[in-house]
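First the structure, in the form of structure tokens, and then the observations on it.
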Amino acid sequence: MTYRVVVIPGDGIGPEVVAAALGVLRKAAAKGGVNIEYEHCLAGGAALDQCGEPLPAATVAAAKAADAVLLGAVGGPKWDGVAPHLRAEKAILGLRKALGLYANLRPVRVWDALAPHSPLKAEAVAGADILIVRELSGGIYYGARKEAHVADAPDEAWDTEIYTAPEIERIVRVACRAARLRRKRVTSVDKANVLATSRLWRTVAERTAAAFPDVRLDHLYVDNCAMQLVLAPKNFDVIVTGNLFGDILSDEAAVLAGSIGLLPSASLGDGPGLYEPIHGSAPDIAGQGVANPIGCILSAAMLLRHSLDAKAAADAIEQAVEAVLAEGYRTADLYRPGLTRLSTEEMARRIEEEI
Ligand code: ATP
Ligand code: MG
């Protein structure tokens, strides 16, 4: 069988890190006997320049028909002045919607070799391995809101959070399934001492996790979770939470790893998944060959694992990344005297060789 992967390089450092990740993906797939056909598509600023819109219908159609989408990053100052409906970020929101993506997976691993780069003490973070599962399609970001400038009540504003049991159930199921492939612990994060949505969240999480007797579920209030991520990051396995808390906690957890350039993400629904590094288009370093491609390379590994059912090939990429870091190879963002500095392309080549 041949899988189809849509590739969207995007803007800024997007094309550089995607080219690097594709080389590694091709190598791992060839070695693991996974057949993949690639189709390059446009989105973001590049699409705006060539087609006059940030998310062309052809890209949406190709993504829907594919098994997975690999994305670099979109946007940049060149397109900051465009009308709101043409903004590059619309491309991501549009793709999420078209593909029905409701689960955002953000793994944060602190590789031993990189622990000294963490803002926390190396011994406190070395070996931390956390997967944050964030609900992506509901909650307060999508509820009704009132802006303060409306004439009848100019000094009042509000946002609404709505969650339904089916929305909570499906995201907790994603977390429990992911935990089964890991250390079998899920921490559900809410603010059930205050919020009604959180009380429903807690009840439904309990009920859903009961179908996974091999997975241990516990609960943490979001304020306590924010503290524990810094005090004892190694105590976490899988964290599952709503859209707002997940947005904040996943950025907090990301800094533990030492560079934004290292971290991958997956957004999953019931069809094709979308895989992208967590960083943006980084216009300040674009075109210089200095971007860290590891976030995009690990996104490709997640693509193999979650959308192509190619666990061995995914493991091979992750092991190669760990080995290359342990050997002291670094891109500019993580370079220190005594280590070996590589360009974006050289880092990809080194990881391919390791595979
Ligand atoms: P966005 O709004 O798209 O998230 P941003 O400006 O908030 O963009 P990034 O584009 O991720 O965030 O850049 C934040 C900082 O991190 C920049 O200084 C950038 O150069 C750096 N950075 C981002 N990605 C990488 C990478 N892969 N390698 C090295 N440095 C990176
Ligand atoms: Mg940003």
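Backbone N, Cα and C atoms are what each Cβ position is placed from, and that goes for glycine too.
Quantities reported herein were computed from a predicted structural model and do not represent experimental measurements.
Taken from TrEMBL, the feature domain 'Isopropylmalate dehydrogenase-like' applies to 4-351.
Residues or ranges marked as substrate binding site by TrEMBL: ARG96, ARG106, ARG134, ASP223. Less than 8 angstroms from the CB of ARG96 (substrate binding site) sit LEU136, SER137, SER267, LEU274, each of them six or more residues away in the same chain. According to DSSP, ARG96 (substrate binding site) is assigned to a helical segment.
Summarising the annotation, TrEMBL assigns site 'Important for catalysis' to TYR141 (among others). Around TYR141 (site 'Important for catalysis'), the same-chain residues at least 6 positions away in sequence with a Cβ under 8 Å from its Cβ are ASN243, LEU244, ASP247. Classification of TYR141 (site 'Important for catalysis') by DSSP places it within a helix.
If you take the C-beta of LYS191 (site 'Important for catalysis') and look for same-chain residues 6 or more apart in sequence within under 8 angstroms, you find SER198, TYR221, VAL222, ASP223, PHE245. The annotation site 'Important for catalysis' is assigned in TrEMBL to LYS191 (among others).
Residues annotated as Mg(2+) binding site in TrEMBL: ASP223, ASP247, ASP251. The DSSP secondary structure for ASP223 (substrate binding site) is helix.
Long-range Cβ neighbours of ALA282 (NAD(+) binding site) (same chain, at least 6 residues apart, Cβ-Cβ under 8 Å): GLY12, ILE13, ALA73, ALA291. If you look up TrEMBL, you'll see GLY280, SER281, ALA282, PRO283, ASP284, ILE285, ALA286, GLY287, GLN288, GLY289, VAL290, ALA291, ASN292 marked as NAD(+) binding site.
When the binding-site residues ASP251, GLN288, ASN292 are compared by Cα distance to ARG134 (substrate binding site), the shortest distance belongs to ASP251.
Ligand 1 lies within reach of none of the binding-site residues ARG106, ASP223, ASP247, GLN288, judged by a C-beta closer than 6 angstroms to any of its atoms. Site extent for NAD(+): among the recorded binding residues GLY280, SER281, ALA282, PRO283, ASP284, ILE285, ALA286, GLY287, GLN288, GLY289, VAL290, ALA291, ASN292, the largest C-alpha separation is 16 Å. It is 18 Å from the Cα atom of ASN292 (NAD(+) binding site) to that of ASP251 (Mg(2+) binding site). One way to see the shell of the Mg(2+) site is to take the Cβ centroid of ASP223, ASP247, ASP251; the remaining same-chain residues with a Cβ within 8 Å of it are VAL222, ALA226, LEU244, PHE245, GLY246, ILE248, LEU249, SER250, GLU252.
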